[in-house]
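J.: Can you read through this structure? Questions will come right after.
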């Protein structure tokens, strides 16, 4: 039976388990640690000794271990290299760290999404190889009956195809293209290539000649009526319209909306008033006596009292009570607003009228602040206010790093988005210390770290040789100047003394 003996008075407690080191064999079996006892550690796998730091603790007279600063630090895996068309955060490459890879929009990851720095062959290395990002491909678009598109060898993200209907012999009914003529290669939530929508159809579409009793056509007189042809009607005097004034020939050879009718106007009814720059609610061709209708002015317009809405009532003798009209301020010339780091995706035109809408989106890496869809109200004003595109908070503002004795030779720009690359080179006579090509990961951080330019070993060697040569020449000159002269002075008296003795 094994017994546990508490530490003797004055002894140090048993050392706690260290994350980065363990007791070596000579210290592992010790049970008591009186003052003066020394214990030794060895670094655990995945860690390496910090140069100059002792791997021992000593039990002091105060029964406390003389712990030094950390003596084993985590090993580092090598930088795995840049991820073309993708990015990852490589600020931590130490043992146990993980790298998670992401691809830029329009690309998908081939390989492991995550690798870790693990113990391998007595050192540390990554658990897998660096993946790569390939542009998302789409299957060839579907073919359609009686139509065609220009075929290509491959179809990738954001590429498009445009369909057209086949020509037909003379005196034959032509095919009409039903649906959007262009589809785009996009991606789904799993980064698989998909087309933006179904392909169009090519069909023969013919609608019957529409006729409205007690009414007539104002436009659309030509026969036959093909797909998307429109006709505009009006009623004869003394009649009012029930239904839509404009109808369109649609894919199933029918008019949409249905053809209107012209009903007889009675003395107990009022024709719908014509309101420039405004709309009637509810909108009808005629209203019964006593029926109220709301008139609402368009954006940027109002009634004389400044209000945008009024209610009027159909009275006797087919008249309206207090009928007013909307007046609009000078609209000026509406121009497309300039969006830094963004663009107009829908509704853009050379100039705008009151009531026009546009839709705005930001470039990748920027966030829209405000409403994406805004309306023109005149005098070059938009409601809501024109939005702005601001750099996403998670990415920060990337600026070009400065290195002494070197410069950026590729990829330099005023600001950077996550995933951007730049390439450095050193001036002649200097050597690059670090990676030449680095990637922006946000918050003004780059991976690998920004390199430095150091004086090359060849130049240093030349300088050392020159310095040594100068020192040797100086030493030789000093020797010649002082020691040689002293030697000559010593020889003269000796010669004279010899002559005197000889005499």
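Here the Cβ of each residue, glycine as well, is placed from N, Cα and C on the backbone.
Whatever TrEMBL says is automated annotation, not expert-curated.
What TrEMBL records for 235-262, 426-453 is disulfide bond. TrEMBL lists 10-74, 75-135, 136-204, 205-264, 268-330, 387-455 with the feature domain 'Sushi'. The feature transmembrane segment is assigned by TrEMBL to 458-479.
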J.: Could you say which of the disulfide-bonded residues 235, 262, 426, 453 has its Cβ with the most other Cβ atoms inside 10 Å?
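T.: The most densely surrounded of these disulfide-bonded residues is 235.
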J.: How do the residues of the domain 'Sushi' (10-74) split into helix, strand and coil according to DSSP?
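T.: Residue counts for the domain 'Sushi' (10-74) by secondary structure: 4 helix, 20 strand, 41 coil.
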J.: With the domain 'Sushi' (387-455) as the reference, find which of 75-135, 136-204, 268-330 contributes the most Cβ pairs under 8 Å.
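T.: Looking at each of 75-135, 136-204, 268-330 in turn, the most contacts to the domain 'Sushi' (387-455) are made by 75-135.
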J.: For the transmembrane segment (458-479), could you work out the same-chain residues 6 or more beyond its ends whose Cβ comes under 8 Å from its Cβ atoms?
T.: 429
J.: According to DSSP, does residue 453 (disulfide bond) sit in a helix, a strand, or coil?
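T.: For residue 453 (disulfide bond) - judged by DSSP and reduced to three states - the answer is strand.
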J.: To the nearest whole angstrom, what is the C-alpha distance linking residue 426 (disulfide bond) and residue 262 (disulfide bond)?
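T.: Roughly 84 Å, rounded to the nearest whole number.
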J.: When secondary structure is assigned with DSSP, how many helix, strand and coil residues does the domain 'Sushi' (75-135) contain?
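T.: Summed by class, the stretch gives 0 helix, 28 strand, 33 coil.
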J.: Could you state the whole-number distance in Å separating the C-alpha atoms of residue 453 (disulfide bond) and residue 235 (disulfide bond)?
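T.: Computed Cα spacing between residue 453 (disulfide bond) and residue 235 (disulfide bond) is 85 Å.
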J.: Within the domain 'Sushi' (268-330), how many residues are helix, strand or coil going by DSSP?
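T.: Looking at the domain 'Sushi' (268-330) with DSSP, the answer is 3 helix, 27 strand, 33 coil.
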J.: Can you give me the average pLDDT across the domain 'Sushi' (268-330), rounded to a whole number?
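T.: In the predicted model, the domain 'Sushi' (268-330) has a mean pLDDT of 86.
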